[in-house]
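Here is what Swiss-Prot says about this protein:
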BINDING   Ala119, Asn175  NAD(+) binding site
ACT_SITE  His203  active site
Amino acid sequence: MVRIGLLGCGNVGRIIATHQDGFTVEALFDRLPDHAEELARMCGAPAYADFQEFISQDFDICVEAASVLAVREYAPKILENGKHVLILSVGALSDTNFRKILLDVARSQGKKIHIPSGAIMGLDNLKVGGISRIDSVLLRTTKSPASLGMQVSHRTLAFRGKANECIKQFPKNINVSVALALAVHHDVDVELWADPEVDRNIHDIFVSGEFGEASIRVVNHPSPDNPATSYLAALSVLSLLKNLDSPLVIGS
């Protein structure tokens, strides 16, 4: 059974901690201690107000469900303390210098950095970009204006550009673009739309390359209590954790 420490006790953290299947939650940490203590009462795992005390506990992998800033602050320390790390706020890895530092630490410690599929599907197949030519990648994401902190009366283009620039402007909303870029080993063109007519998050992905062409549409229900996050993102973490201890692993 995989033992995890949970860094981040907000909405996604609550979903993870209350759906333990194939793993157990051994420790909780949040920069807001009240959040960790509340989740501790729900799932029975101990909460820690001090990060060093948290990371010293006996678990195999630390699951980050907090923020891009939390990844930058804590991910290197997690690896240095001999833990694998699962990063949900993958937007932090859009910084190439930080990504290199993190990979160097992981190699030196013999540990893994796990990136879940998050709010989209198809990443497993699109990893062929690491061994085969990719010509173009477009991600068109549509969300409610409220989830983007906008007030508009009609469908409005909030951003058009590259993934590494989009994540700077919307660090809580478009982590999926960075996960896609890492998977396909290619720049991702991003269109982010605010649409008052939608109540779900929509991701349209268009990829062409040596393998052929792929078009993927994912229409997600927002995560409970947080319209900025897709419920599928939390479920993808649960799936990854369950697979870590499974004798049968499907996909590359």
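Here the Cβ of each residue, glycine as well, is placed from N, Cα and C on the backbone.
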Ask   = What is the total of other Cβ atoms whose distance to the Cβ of the residue listed as 'active site' is within 10 Å?
value = 25
Remark   = Spacing of the two Cα atoms, His203 (active site) and Ala119 (NAD(+) binding site), in whole angstrom, works out to 8
Note = So Ala119 (NAD(+) binding site), by the Cβ count within 10 Å over all chains shown, scores 24
